[in-house]
Each structure stands twice: as structure tokens, then as C-alpha cells.
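First up is the structure itself, then whatever we jot down about it.
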Amino acid sequence: MSENTVNEPVTAKRVNPRLENYKMIWKRLKKNKAALIGGYLIIFFILVAVFGPYLLSQFGQYGPYQQNLLNKLQGPSAEHWFGTDNFGRDIFTRIIHGMELTLWIGFLSVLIGMIIGVPLGIISGYYGGRIDNIIMRVMDVLLAFPGILLALAIVSVLGGSLQNVIIAVGIFSIPAFARIVRGSTLSVRKLEYIDAVRALGASDFRIIFKHILPNVMSPIIVQATLRIATAVLTASGLSFLGLGAQPPMPEWGAMLSAGRTYMYEAWHVAFFPGAMIVLVVLAFNIFGDGIRDALDPKMKQ
Amino acid sequence: MSTYKNILEVRNLQTSFFTDDGEVKAVDGVSFELPKGKTLGVVGESGSGKSITALSLLQLLSKPGKIKGGEILFKGKNLLDYTEKQMREIRGNDISMIFQEPMTSLNPVYTVGYQISESLMIHQNLNKREAKLKSIEMLKLVGIPSPEKRVDQYPFELSGGMRQRVMIAMALACNPDMLIADEPTTALDVTIQAQILDLIRELQAKLDMSVIMITHDLGVVAETCDYVAVMYAGQVVEFSDVRSLFKKPKHPYTVGLLKSLPRHDIEQEKLQPIKGTVPSPKEMPVGCRFSPRCPAATDLCRGRMPGLITDEQKNEIRCWIYSEEWDGDPEVNIYGEERIAEG
Amino acid sequence: MTKFIIRRLIQTIPVLLGVTILVFSLMHLIPGDPAQIIAGESAPERQVEQIRERLGLNDPLHVQYGKFLGNIVTGDLGQSVRSSRPVADEIGTRFWVTVELAVYSTIVSVFLGLIAGIISAVRHYTVLDVVIMIVALFGLSMPNFWLGLMLIQYFSIGNWMPDWMSFMQMRASGWGDSWKQVVLPVITLGTAGAAIIARMTRSSMLEVIGQDYIRTARAKGVKERIVIYRHALKNALIPVVTVVGLEFGALLGGTVLTETIFAINGMGRLTIDAIRTRDFPVVQGTVLVISLLFVFVNLLVDISYRFLNKRIELD
């Protein structure tokens, strides 16, 4: 390059690169129809969880625990949109009330996984060496219990309750976060500017919070979204097995489990809670896929 | 022999990419010709459409890309009329192609020998054993030592230069009439570059091939080509024989390219890069596409697109300066001071 | 290659130790006195002490773990509190039932997943691709216990006696009605895996199809079908292999739910029954066996991955 190109004055307006980046991600997210549908569904579900029970108490005729044994196991009808269960409770009302539970389980357990998994991943990737080795071997051990088994084992000793399910599913999510964050940290750590910042005398703490964390945010967000889907599935599975939420709580997995007994007389008792689980999990999966595509630097060209 | 004069004639080739944001004209009315046994250089900056032109010739464009119009006459027959099946018989058999990235252009899960044998088995109906023997012969031809051993190796066991030799062996296995080399040396070390160019030239003479050399490097053109098509923003701006081009380039863009090239034959104060960048295909200038960067541009240049003008030597230039409509200084000097001093 | 296998085996040892430590500590993570909980709240002190003695809970922790580990090595997984039978015997044939179920389901999900993924990739951005991907997304988002129940509801209303039949039994008794007993659990268990493999295959294929060497193959005049099935597929399958290993694991975990729904007498159901009856030695035994199996399968997958992907450098 000749000198005069180097010395040319910068005339372009100064823009915040990170802000520009977010704008671009938002633009790409808007283009991804599936992701938008997922996002809207999630917002809708949150609104239902927050306002649904209140609206039902104002305008609905049934409470979530209100029994009517004369009216049990009724199929879907105008009065009971999703029918009634074996105690004559309105399934639609119970499902609306269960939305809040489901979302809490999903968000909280993933939050636990993140709070523990992300620092472990950063420490592992940033410091490397022996500590990395130890952390990753521990993660390997946790991953050696396939699928639901780890959460199941934890709940089996802690005892079946909603709270313990959240803890168990949270622990079950730790390795996924630790691994992904470690990988991203490693690649950021290799960038030359991290060495430069360090040469300027920045502390590890500062480097991690100022430079590493913002750069590993995208994979964390993607992982968290997809992980909520897994968490909801796992938690409802535990409740289905009778190890999570206990009756009469309107938790969907537990409702499904109760409906199982009456499958031949009343298919709807098991159908609707399960279908709702599918919808919620689907929404998080679609949204997670969408933001992964939007954040994927490979597709930026 | 049949009636064609040139082995390849491209007329008004138009290739576009149909994206979500609309049509992007990557190649916009490109024409050139190549006599048998000669080498044509296609030069331009990245984004000028030269690689897309090359891929269009073999109809190897990937999805949103499509040839919209024009003619590609190979031995007098229009390849654009061919069915996909007929095109397959052309590819690798009559016309071969080698690519820029030898590191990624070979399939990692097959041996070198298998990949050379494949074209032989497709086009010459050889069986496995015969194809392998021929592959060894080809590896020897491109100067790979101990070919009997190499033939059973996987690409990851070879260096970049070796892989490009393998690519050449693969391309030449069926004795094609024409070779398209898309930046064959760009990804290689300087010393290896010269070896590969020598190899292509040597084999061209030996096998009586015509070659299209796609490159951004005028040095490569000077060394290997008989004719040059200079491309800018999807169009040919100057088509000329190599001697005239280097002796007296006519298009201001060609002049700019030459000035940015280090030369040994004349004294240069310093290299002069062309100011500005290639316009994006979405925001093409209305008039001459080079006008925003051209030191001699006038209102005419900015307002209307010039056509191709043929000069006395039958070379073609897409520039208003050489037309009767030119509205600027009739004595305009596009060469800058050094050239004047030179004469 | 042998060096790699040996190194990989050595790497597995700490994981195996970790798994045994975790399984061992299950008993000690129980809030309160495990012996009391196993015996039940109202059990007399004498009985609690007996259980404590039998489980060796009076020894110091490291001695307990040492015994635990030593016993595992000799194949002794302890004794069921409920049936007083050795845990190894309780698992016994149930092990093979679960393995059979998981293997069938893996085969089905690999088969369906690969076909769907390849079709989707080859026809990408067509209606067919969109439909396959939507179906896969649903498959991925469905709780398998719900899917299983719905299948039972749909296919076997009335007389269902879902008793898992092994392949051998099926051959002996003829197919007849037995497909219900085998096919429905396998679909239930394999659907999510098929969906994941389909998505993985599709994205892997699409990535490979964009590679330079695919263009090279086309430039040679290779037929499109051969370009896809010979040049692209072989490369695209390499990353899919690892997913198959993980999916087998997920399936093993999933047997817990599937076996419960279909009343299949395998390890998964044994685990759940043991948890319900607080039979912790049995829980420990099944969790340990399933995890060890998973570790072993992953080891095999790693080795075959290495075998397929010759490009991994010898680090």
C-alpha cells in the first residue's frame, strides 16, 4: 500500500461496531420467518402465563382446582374447550394455569445451568491447562449419564418435587453451556487483540468481562433458547413419571400422567397437555434455530 | 477438420444471480474469441465477473446463478443449446477446468488415483485397472515423483503445489481441447507459481490445447497469454493481443492496472493503485462503469454506456475516448507523466 | 490407529472413575439418613440398623467407595433392598431387553433420518424440503411419552397387552400382532433421534455440496447423482456419525419413559420401579450400567469417526 492511502483522513461517521452488529442481526432475524413465528409464540405464551389466570378468574367459569365429579371425563365442548378430567376439572383452565409453571421450570433450570456452566466454560477456555482438564473431565462425567438419566438420578435422591426437578434439570444443562462457552472462549482467546489488551496491563477479570464475555454472548443466547426446549421436555418427563410436580398441581406432565389411566375412555385428558408441551418446545426450538442462523458468522456474506 | 475458425467464441454472454434482493448481473454482455492452440487471459479485479464467466462456459454455476443469454460457441456449436447430459460429455473430456484452491478442490475422502481415474472411467470407458495405470502416467506427466506411490495417497498427504499438479493431471487425463485455469497459481507460493505456469505452458504445447487463463495478475498474462480480455464490473472493457496491450493499453482501466504493477523495464516513481473500488453490482453507474474511478471521465462517460469500438488492429475497447462522439479533450492523455517522457 | 485406540482407552478411565464416584454418592446425597428412608419412617430402629449394616453405611466413606468399586469390578452390584436378590441378577435379562429396544430404535432413526436428510438437502428450498424439516421439528419437540401414549391410543384401542417381544421371539411366533409390541415402542423412542439425524444430515450435506471439490467433480463430467451419493454423501456422513453415538445415548435414557408406557420389562422400568420403592442399590446399579454402556458406545463411535475421517491429524 502506498503511503497516501494510509494517511487519508477518515471521513466516514464513527459508528459503534457492536451496535451495527446488533442491527444487522435484528435485520436478519426479521427476515427469518420461522424465527419470527417462534418469537411471537414465545411472547404470546408469556402473556398467557402472566395474564391468563387473571382473565380466567374474571371471565371464566372454572377454577384450576374446581372439581365437578358429575361432569368428569367430558370430551371437548363449548363449555369445556379441552374437556374435563377425571375429577371433572376444566382442562383448558388447568392448562392456562400450567403455562406459568412450565415457563418457570424452563427459564429457572436453564438459568441455573447458565450461572454454573458459563463461568466454568470461560475459566476452562481462558486459563487452559490443568484446571481446564479437570473441569472438562467433570463435564464428561456428567455427560456420561445419557439423556434424562442424570436428572432422574438426582431427583431420585433429592425426592420428587417441582423444586428438585428444576435443580436436577439445571445440573443436567451445565455441561452443554460449559462446553460451548469453552469452545468460543478458546477462539476469542486466540485473537491477537486479547494479547494486546493484556500487554496494556488489563487484569484477567477485566479481560474476561470486557472482552471475552461479550464475544461469547451469541452462542450462550442460542444455547439457552434451545436448552429451554430440552428443559421443558425433561421436566415434564420427570413429572410424568411422578417424580416432579405432584397432583393436584396443573403441571402438564403430571396432568398427562393422570390422563394416561383414562386413555381409552377419554383421549383428550392426555392429549391436550401433551400438545401444549409440543407447542411450547416447538416455539423455543424454532426461535433458537432462527437466532442461530442470524448469529452465524458463516452466513454473514 | 470442420468449419470453425476459433475453438471458442463467446458472444454477449449474460449471467445473473437471482437473489432475494433482486437480480445481480455478474456477467453482462461478455464477448471474446480464442483461436485453437492459443492462450487467452481474462484479467480483472475480484468481483469483475471473470470467475463467473469461466464457470458459465462449463455451465457449472451454483444455485441462484443462471445464464440469461448469449452464445458460447465451442468448435462452432453453441453449448447453451446442449442438454445437461451432452454438457457432461463435454466437461472433463473436451473442456477441463482447474481451480484456485488446490487445498480444497480435491475430495478428501478419495485417493488421488481414484479422482484422476474417475474422468477416465467416465469418458474413455477404461476399467479400474487401466484407469489406474493411466493415472500413474498422468502423475508422471505433471512431474510428481514416485507416482506409483502417490496414486494411492489421499489429498491431505500432499502439499499445495503437489495438489495443483494433481488437479492438472486430472484435468488433462482425457486430453481435452481446451483448459480453463481459474487463478491456478493464486493460492501457491511464488516459487511454486512459476513451476505450475511452466507446467501448463509445456503441456499446452505437448497436447496442442487451447487455454483460458483467468487471473488478476498481469504478470501471469504477460508470461503465458496470446490474447487478453480485460474485465471490469461484468463487462469486457478491452480485448487485445498481448503485445499491443502491454505496448499501448487503450482503456484507462487497463492503464491503471498496468501502473499498479511493478515493472522492471521502465522506471517508476512508485506504484499507483487505482483509486476507489469496483462498484457493487447492485449500484452500477448509469454510464461507463469505470467512470467514477476514471481520471478522464466526462459527462458523456457518466451519462451513457460506451459500446465496444474496434480499432485498426482489430482490438476492441469499451471507451468513449476512441469514439467520434468524444466530448472531452481530443488530445487527452490517459497515461500520466511517465509515458509522455517515454515517448 | 492402535496408538489412538490405546490413548482413547486411557482417556476413558477418569470418566469411568467419575461415573462410579457419582453413582456411589447418590446414596449419600439422600437428605437425612438413607437407611431410615429406605426402611420407611415408621420402621423400628433395629430394622434401620440392619439395613445400615447391610449397605455398609457404618464404614468410613473411602472404605465404602473402595468396596463399591471393588465389587463393581467383580460384577457385584450389591443387593436389592426389596427383593434381597443381587442387583446384577435383577438387571440380568432386562439389560438385553433395553439394549435391543435401543438398538432397533437407533437403526430406525438412522435409516429414516438419513433418507429424510438427504432428500431435504438435495431438494433444498423446495416444498418437500420444507415439509420434511417441519416434520423433523415436530419430531424433535414431541415428548416421547406423549407420542407413545397417542400411538397406543390410535393403534391398539381395546386389546393391548404391550409385552416386549424380542426379535427371536417374533421369529418363533410369527409376526402376527407382535408388530404392535415392537413397532410402536421403536417409533416412540426413535422419532426424536430420526429428527435430529435428519436435520444434521441436511445441514452437513448442504455444507459439503458448497465445497470446492464438489465443483471439481462436476467439472469432470460426473453425473449429478454420483456427485451427490459418492462425492458429497461420504464427506457429509462423517459428522453425522458422532450424532448417532449421542443419539444412542439419548435413546438409552429415553427407554426409562418408553418402557414405562409400554410396560416393557427392561432396565428403564426397573429403574423407575426402584425409585418408587426407594430401592437405592437397584437405582445405583441400573444408572451405572446404562452409563457404562453409553461410555462404551461413545468410545466405539470415536474410534470409527477417527477411522472415517483420515484428516484428523495425529495430535
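The backbone N, Cα and C atoms fix where each Cβ goes, and this holds for glycine too.
Unlike curated entries, TrEMBL annotations are predicted automatically.
What you see is a predicted model, and the numbers here were worked out from it, not measured in a lab.
What TrEMBL records for this protein:
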TRANSMEM  C:12-30  transmembrane segment
DOMAIN    C:95-301  domain 'ABC transmembrane type-1'
TRANSMEM  C:101-122  transmembrane segment
TRANSMEM  C:134-158  transmembrane segment
TRANSMEM  C:178-198  transmembrane segment
TRANSMEM  C:236-262  transmembrane segment
TRANSMEM  C:282-301  transmembrane segment
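Non-local neighbours of the transmembrane segment (C:134-158) in the same chain are 116, 180, 184-185, 187-189, 191-192, 194-196, 198-199, 254, 257-258, 260-262; each lies 6+ residues outside the stretch with a CB under 8 Å from one of its CB atoms. Distant neighbours of the transmembrane segment (C:101-122): 128-129, 132-133, 135-136, 164, 167, 182, 185-187, 189-206, 209, 228, 233, 236, 240, 244, 247-248, 251-252, 255, 258-259, 264, 266; these residues of the same chain sit at least 6 beyond its ends, with a Cβ under 8 Å from one of its Cβ atoms. Same-chain neighbours of the transmembrane segment (C:178-198): 101-102, 104-106, 108-110, 112-114, 116-117, 120, 132-133, 135-140, 142, 144, 147-148, 151-152, 155-156, 160, 162-165, 167, 169-170, 240, 243-244, 247, 250-251, 254-255, 258-259, 261-262, 264, counting only residues six or more beyond its ends whose CB sits under 8 Å from a CB of the stretch. Within the chain carrying the transmembrane segment (C:236-262), a Cβ under 8 angstroms from the stretch's Cβ atoms is held by residues 98, 101-102, 105-106, 109-110, 114, 117, 121, 144-145, 148-149, 152, 162, 164, 181, 184-185, 188-190, 192-193, 196-197, 200-201, 204-205, 207-208, 268-269, 271-272, 290, 293-294, 297-298, 300-302, 304-305, 308-309, all 6 or more beyond its ends.
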